[in-house]
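What follows is a single structure, written as structure tokens, with notes after it.
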Amino acid sequence: MSIATEIIGVPETLDHFQSESFSPYHFFSSEQWAKFRADTPLTLTSDEVKRLRSMGDPIDLDEVRRIYLSLSRLLSAHVESSQLLFEQRNRFLSLSDVTKTPFVIGIAGSVAVGKSTTARILKELLGRWPSSPKVDLITTDGFLHPNAVLQREKLMQRKGFPESYDTAAILRFLSAIKAGRPDVQAPCYSHLVYDVLPDEYKIVDRPDILIFEGINVLQSRDLPADGKIVPMVSDFFDFSIYIDAAEDQIHNWYVTRFMRLRETAFRDPNSYFHRYASISDAEALEIAADLWTNINLKNLRQNILPTRPRADLILKKGKDHLIEQVALRKL
């Protein structure tokens with residue numbers, strides 16, 4: 001099924017609905033998208049890309065050339081337009097000595113789909129623009145409720161679902177960022193101990209660009225019955241990206257990553273998942289499949305995939321973890 005059909009949600013037999021004129025997106029193959037790079041310089045080395053990519057993600061310098069340089073150029077245009085609008089509004093309001101608030105980029109997608117790699121690659125590319133902007137990266141992991149809270153509320157098996165996050169804290173953080181406040185605290189998370197680290201924070205001090213990455217960042221909220229105003233996390237985004245792939249592919253990537261972690265991080269006695277390091281491969285495969293089916297697949301279908309049409313840009317991956325198609329929202 002084509003990305004156009006999936007986004008619109010109609011059968012492929014309805015060819016007239018696949019026309020771009022009936023879609024809010026422009027669609028490009030990776031080869032077409034690569035041509036939009038123009039003269040954007042390649043500022044990363046092969047070794048740097050290897051350092052930035054997540055376990056199991058084969059992204060290389062060629063993929064950066066094909067996909068990310070064009071994306072960097074596009075984001076540069078959006079940031080420049082935002083700066084121009086900021087200046088025009090200040091003139092309209094007769095304001096002076098006003099500091100522009102950060103340009104916020106949201107990145108969403110399933111677990112194991114490659115969000116973190118995309119976020120880290122973009123952080124480096126954007127920070128190396130000629131204007132040398134200050135770029136920060138924050139993930140939503142730190143905004144999960146602590147395990148003690150999840151255990152008390154019987155939500156440990158729902159970790160990663162919307163109710164497992166402190167959404168109010170996310171909104172306070174993004175509101176402070178968009179208000180232009182200095183030294184905003186973002187809670188830290190440890191994948192080793194699988195928990196929020198108490199009293200540990202990353203300080204975000206008025207960056208030019210903030211990348212905010214997590215599975216839940218494009219999700220909407222139920223409107224309260226009392227009529228109170230409820231902001232959405234995505235209300236604070238200037239641009240949003242969804243990393244997409246077929247379910248069976250993400251399943252394979254998730255299981256492969258789980259098995260590799262058994263040979264690496266899980267062997268650390270301090271790891272929350274240390275118990276999985278000593279079981280048989282067959283047992284590990286069964287556990288990984290169960291975790292995928294009963295937790296991550298459900299979350300993908302119920303809460304993550306439905307947010308895809310809300311993204312400004314959709315990067316669709318193929319079975320080799322490399323991006324095959326790009327959808328860009330029309331203006």
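In case you wondered, yes, glycine gets a Cβ from its N, Cα and C as well.
These numbers come from a predicted model, not from an experiment.
Database features (Swiss-Prot):
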BINDING   GLY109, SER110, VAL111, ALA112, VAL113, GLY114, LYS115, SER116  ATP binding site
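Neighbour counts were taken as the number of other C-beta atoms within 10 angstroms of each residue's C-beta; across the binding-site residues VAL111, ALA112, VAL113, the minimum falls on VAL111. When other Cβ atoms within 10 Å of the Cβ of SER110 (ATP binding site) are tallied across all protein chains shown, the result is 26.
Neighbour density for SER116 (ATP binding site): within 10 A of its CB lie 22 other CB atoms from the protein chains shown. Within 8 A of the CB centroid of the ATP site residues GLY109, SER110, VAL111, ALA112, VAL113, GLY114, LYS115, SER116, the other residues of that chain are ILE215, ILE243, ILE250. For LYS115 (ATP binding site), the same-chain residues that are 6 or more apart in sequence and have a Cβ closer than 8 Å to its Cβ are ILE107, ALA108, GLY109, GLU213, GLY214, ILE215, ILE243. Long-range Cβ neighbours of GLY114 (ATP binding site) (same chain, at least 6 residues apart, Cβ-Cβ under 8 Å): SER54, ASP57, ILE59, ILE243, TRP253, LYS317, HIS321. GLY109 (ATP binding site) counts 30 other C-beta atoms within 10 Å of its own C-beta, drawing on all protein chains shown.
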